[in-house]
Amino acid sequence: MDTTVKIDARDVNFWYGDFHALKGISMEIEEKSVVAFIGPSGCGKSTFLRLFNRMNDLIPATRLTGEIRIDGENIYDKGVQVDELRKNVGMVFQRPNPFPKSIFENVAYGLRVNGVKDNAFIRQRVEETLKGAALWDEVKDKLKESAFALSGGQQQRLCIARAMAVSPSVLLMDEPASALDPISTAKVEELIHELKERYTIVIVTHNMQQAARVSDKTAFFYMGQMVEFGDTKKIFTNPEKEATQNYITGRFG
């Protein structure tokens with residue numbers, strides 16, 4: 001089967017001030033696959049994830065060396081428009097963060113900000129993305145109600161729909177289910193399975209069972225280094241590195 005490299009990171013180093021947070025990381029992520037980043041707190045996995053849509057640009061005194069290419073383009077080149085990059089690379093955060101707007105306007109927000117004025121198109125896109133986020137049947141009769149009236153799990157699926165509305169090709173998820181109950185978590189995981197038919201998904205998770213359930217490949221990070229990266233089944237059943245084995249068996253973390 002032909003596979004296309006969607007994200008190509010080459011010898012990435014990253015600093016917060018003098019702190020060397022990521023050390024020499026190289027990785028290829030295939031199109032329409034799910035890759036999970038695991039590792040103990042502070043190991044660099046969320047920092048690396050946020051480099052893919054330049055979220056770390058918002059933090060002062062940071063520095064990056066190496067290259068990150070998406071669809072062959074170095075996203076840190078001077079000519080790259082960060083707004084366009086973030087349309088293509090959507091982000092879903094740890095805690096649901098709906099805007100203080102209606103359910104409908106939460107999803108429509110990105111379209112309006114990007115200058116879409118065709119209300120019929122906006123209505124169609126809102127319906128499509130709410131269906132895509134497995135939320136439409138639950139909210140179709142209350143689109144004008146506040147997003148804050150939704151449960152935590154529904155709010156997180158709304159945030160996924162909001163990220164999808166501007167037609168990205170990559171979805172980044174930073175601990176997307178850590179604040180949710182088990183039933184809501186299962187719905188988000190089921191959704192991730194469905195979404196990979198259309199998107200490349202990179203997920204950071206502390207939940208190793210979740211990584212094993214949803215991802216095709218897993219990367220284990222420790223102290224700013226990527227210790228091991230490979231097929232998820234192999235990482236969890238027969239890792240090559242002792243540190244990976246120790247982490248997944250709970251000897252540290």
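Cβ coordinates come from backbone N, Cα and C, glycine included.
These features come from Swiss-Prot:
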type	residues	note
BINDING	Gly39, Pro40, Ser41, Gly42, Cys43, Gly44, Lys45, Ser46	ATP binding site
DOMAIN	7-248	domain 'ABC transporter'
Position of peak Cβ density within 10 Å, selected from the binding-site residues Gly39, Gly42: Gly39
Sorted by sequence, non-Gly39, Pro40, Ser41, Gly42, Cys43, Gly44, Lys45, Ser46 residues with Cβ within 8 Å of centre, ATP: Thr47, Phe221, Tyr222
Reduced DSSP assignment, Ser46 (ATP binding site): helix
Cβ-based isolation winner (fewest other Cβ atoms within 10 Å) among the binding-site residues Pro40, Gly44: Pro40
Around the Cβ of Lys45 (ATP binding site), the count of other Cβ atoms that are within 10 Å: 28
Three-class DSSP secondary structure - Gly39 (ATP binding site): coil
Per-residue pLDDT averaged over the domain 'ABC transporter' (7-248), given as an integer: 95
In the chain carrying Cys43 (ATP binding site), residues 6 or more apart in sequence that have Cβ under 8 angstroms from it: Phe221, Tyr222, Met223, Gly224
C-beta crowding around Ser41 (ATP binding site), within 10 angstroms: 8
